[in-house]
Amino acid sequence: MKRNGLSSFSISLWLLFAAVMLQAVESAKGKYAHMLFNELFEDYSNALIPVEDTDKVLNVTLQITLSQIKDMDERNQILSAYLWIRQSWYDAYLKWDKDKYDGLDSIRIPSNLVWRPDIVLYNKADDDFSEPVNTNVVLRYDGKITWDAPAITKSSCVVDVSYFPFDSQQCNLTFGSWTYNGNQVDIINSLDSGDLSDFVEDVEWEIHGMPAVKNVITYGCCSEPYPDVTFTLILKRKSSFYIFNLLLPCILISFLAPLGFYLPADSGEKVSLGVTVLLALTVFQLMVAEIMPPSENVPLIGKYYIATMTMITASTALTIIIMNLHHCGSEAKPVPQWARVVILDYMSKIFFVYDVGENCTSPKREKEEECKLEGDDGCQRRHKEVRGHLSNRNDNCDLKEKLNGNLNKSYGIHGENVRETVNCCSCYKILIKNIEYIANCVRDHKANRAKGIEWKKVAKVMDRFFMWIFFVMVFFMSVLIIGKAA
């Protein structure tokens, strides 16, 4: 028990001794750091470029780390990004021998105390021209200064929305010195691309790379070259949101337009359906127009909306024309012979259009023959039967009249019986004329009714024809625009 107590006590002593030594070392480090700081900045000025020979070029190494895409404003063509900007260079006047300062090899001081390169974002699109964040810099004994500063940048980005919502964008971030030319400060990109290891995944955009390219440009104002480093941010839009909220509703609504041809003409809702679908697509078109910039490049989804709206407008116009055919009455001209052959004989069979009370299971030819017999020959057949029957009666009447005449001559029968026979025959003649008039009226009525039925069938066949035509058009347009997503 005593030995265990002594061992634990010795360990505690060692820990206490180590803590005291570390505190003493830190105190020594702090003491030497203050001494070093006072000696370094006693005669130092951060106003001039820190080179011993003005003919030499100061190399500034630049590295960009993309942390997050905050916003992509397509309408104003502005990219907002959260960056970590690392710059490093050598200051010829901030060196020391670390052995003289107890091995102190680096110190951290405010960045506004040392000279800093005036590297700015050339394509900045922000109204705020404030100074960079005054974070600390790391100063090493060999004069190397490393400055890490976070920044929220707003840069101009030329947005091409021709294939929206299946588009890709390339936004440039160009960094360069604002006042120092290439003979004074040279910018070197430390990596071939921007650092994406700490990137926070965006809900709308995918990052497909951020290559970096160094450019040396001579501007019209100056004869000296000005180097810069351009980081190209390659973005691919995630289109799922727009597919389910803009594209899929449009496809479903556009499939309603051909159904207007299938709607019965007597319902009175054919034109109303087309106008309603057109208004619904107009609302979606306005939503897309609010997002997109007012440029000459019409987005892919906008083209789809325009094509669909044009198709619905054409279908509504055709519906109005077909409804006029449907409501052709007895005053209309008969159906032309070519329309009978092409539309009523062939197209009606292709599109399975039947007469009223007729379906695909009933024998069509028997129905047609029966209708023809009833429509054209029925009245004439009945009229002939009536006339034949009445003519027989008339012949009988003439026969009776002859017989009565002979009887009168033979037996001397006088006046009254003869007059009765003549009156009976005249009644039959008047009855025949009335029946002929009624038969003509019925025949004309059926002919006019058959004419209207033929025009209604023509309109129905044309409805089915245009319905399938527009269904095929909507299908191919939908497949075309969905194929862009692949």
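Placed from the backbone N, Cα and C atoms, the Cβ positions cover glycine too.
The signal peptide feature in TrEMBL is assigned to 1-27.
The annotation domain 'Neurotransmitter-gated ion-channel ligand-binding' is assigned in TrEMBL to 35-238.
With a threshold of 8 Å between CB atoms, the same-chain residues lying at least 6 positions outside the transmembrane segment (241-264) that come near it are 164-165, 204, 270, 273-274, 277, 280-281, 284, 287-288, 301, 304-305, 308, 311-312, 315-316, 318-319, 322, 463-464, 466-468, 470-471, 474, 477-478, 481-482, 485. Taken from TrEMBL, the feature transmembrane segment applies to 241-264 (among others).
TrEMBL lists 246-481 with the feature domain 'Neurotransmitter-gated ion-channel transmembrane'.
Tertiary neighbourhood of the transmembrane segment (271-292): same-chain residues 74-75, 161, 164, 246, 249-250, 253-254, 256-257, 259-260, 263, 299, 301-302, 305-306, 308-309, 312-313, 315-316, 319-320, 323, selected by CB-CB distance under 8 Å and a gap of 6+ residues from either end. Summarising the annotation, TrEMBL assigns transmembrane segment to 271-292 (among others).
Summarising the annotation, TrEMBL assigns transmembrane segment to 304-325 (among others).
Per TrEMBL, transmembrane segment is recorded for 465-483 (among others). Listed as Cβ neighbours of the transmembrane segment (465-483) (distance under 8 Å, sequence separation of 6 or more from its ends, same chain) are residues 247, 251, 254-255, 257-259, 261-262, 300-301, 304, 307-308, 311, 315, 318, 322, 347, 351.
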